[in-house]
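Read the structure below first, then the notes.
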Amino acid sequence: MLIYSSVNRWVLAKGMAQFQEVMRQQLESSMHVELENLLSTAKGADIEVCRKDFEGFEKLFHRFLQVKGPSVEWTKINRPPEDSIQPYEKIRGLPTSVSESLNKLAVVKLNGGLGTSMGCKGPKSLISVRSENTFLDLTVQQIEHLNKKYNTDVPLVLMNSFNTDEDTKKILQKYTHHRVKIHTFNQSRYPRINKESLLPVPEDVGMVGEGSDGWYPPGHGDIYASFYASGLLEQLLAEGKEYIFVSNIDNLGATVDLHILNHLVSQPNGKRCEFVMEVTDKTRADVKGGTLIQYDGKLRLLEIAQVPKAHVDEFKSVSKFKIFNTNNLWISLAAIKRLQEKNEMDMEIIVNPKTLNGGLNVIQLETAVGAAIKCFDNALGINVPRSRFLPVKTTSDLLLVMSNLYRLEAGSLTMSEKREFPTTPHVKLGSSFTKVQEYLTRFESIPDMLELDHLTVSGDVTFGKNVSLKGTVIIIANHGDRIDIPAGSMLENKIVSGNLRILDH
């Protein structure tokens, strides 16, 4: 009887596995038919572009159907070995010839995002962040400064998405006379997937009206395939470039670091480090950031989306996972070429659920650029100062970088020497400040924040000119009330609430 039941279970299990395999094949086949139908709606040069995009998408979809359960087994996770994450101080050292090292570098900025979360239309990189300069202006100024100072030719490469490409290209004309060569390439455009049917949402390849809702750029992990396919990678290699420095365009701390560059180019050939990830110490504000782990003998990036639900709190703990990924990456061009040509670039799939405007539930399959760290030889984490991670995701971040906490020099922001503590204040602006335009109308001038530790603002609040904020300041206007902070006010360790309106008479 015992033998019969175990055989029975085996038959059932085998039957279930076969059934699942048949289902997978049917889903892939249906997807392929739908993509062919979509391709038939493309015209002219779009046909080849769409075909390439769909090939990449089908590979991703195939892998998505193969994956069972979480992509990591929690018990196999180990802390990285001591020498796999180096302190920044340990690798410091300038090259004997700075210009020679810089001429081996290209700077790549991830420029696929829109400014919608901050209430802006168009590419996020075109939002003004400091002294009328946009993210893109500051990036160009930084690289131009290097090229002039060291007489080098460091190019800027922008990875655009279909959302940002047209607007970015229009604006690039203004940099024609700057000493920076600027190249662009587009990341892929993939169809969103109906969560129920697992079929593509769009009915044609058009981007007009509601049709644009059916498409998405598949995360920055797409950089490797798109960069390689664009021909730019080959071009840069032919020009003698060896490494790219990749970062998010909205991270104002991600400037070219000569010490890290020197560490890369000064290694003997056999020991060449093909991938450096800049990490920094985690604070309570960074609990969702990806972290480096040792897994199956390799250094690997662990993102919160990959963590089993039962272990999310453990992942967020500052004591167990002490560092997080800044997404500032230094990557060997020759290694990208090798891995692409051998089809060995392997990144975990991030399944991102969304609800479209009409209420349709969809999923989009994405990958993260840092997840490829496990594919590269001699990969390394470098624990950098917090100043190299200065992202502007919200108007709260924008207030910090617009303030006198930072000084602007040659496109780079550095903490003012007048601030006594190196830490950045914690700023939390309420929903009345979410959109950039509205935020700007609420400040007659940006307050003095040199001695600020914590600022919380909620409700209908405005600031007059030359306001000074020190210590912990909390300003809460109740619903229906308004608080006007008078010009010239100095608030130190104050809670302001209720209704405060200064009327002229």
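Just so it is clear, glycine is given a Cβ too, placed from its N, Cα and C backbone atoms.
What TrEMBL annotates here:
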BINDING   LYS124, GLN187, GLY219, ASP250, LYS393  UTP binding site
BINDING   HIS220  substrate binding site
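TrEMBL feature annotations superimposed on the structure.
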residue : record                 : Cβ neighbours (10 Å)
LYS124  : UTP binding site       : 24
GLN187  : UTP binding site       : 27
GLY219  : UTP binding site       : 23
HIS220  : substrate binding site : 24
ASP250  : UTP binding site       : 22
LYS393  : UTP binding site       : 14
Q. When you look at LYS124, GLN187, GLY219, ASP250, LYS393, which the record names as binding UTP, what is the longest CA to CA distance in angstrom?
A. 21
Q) Just the number: how many Å between the Cα atoms of ASP250 (UTP binding site) and the residue listed as 'substrate binding site'? A) 14
**Q.** From LYS124, GLN187, LYS393, the binding-site residues whose CA lies within 10 Å of that of HIS220 (substrate binding site)
**A.** GLN187
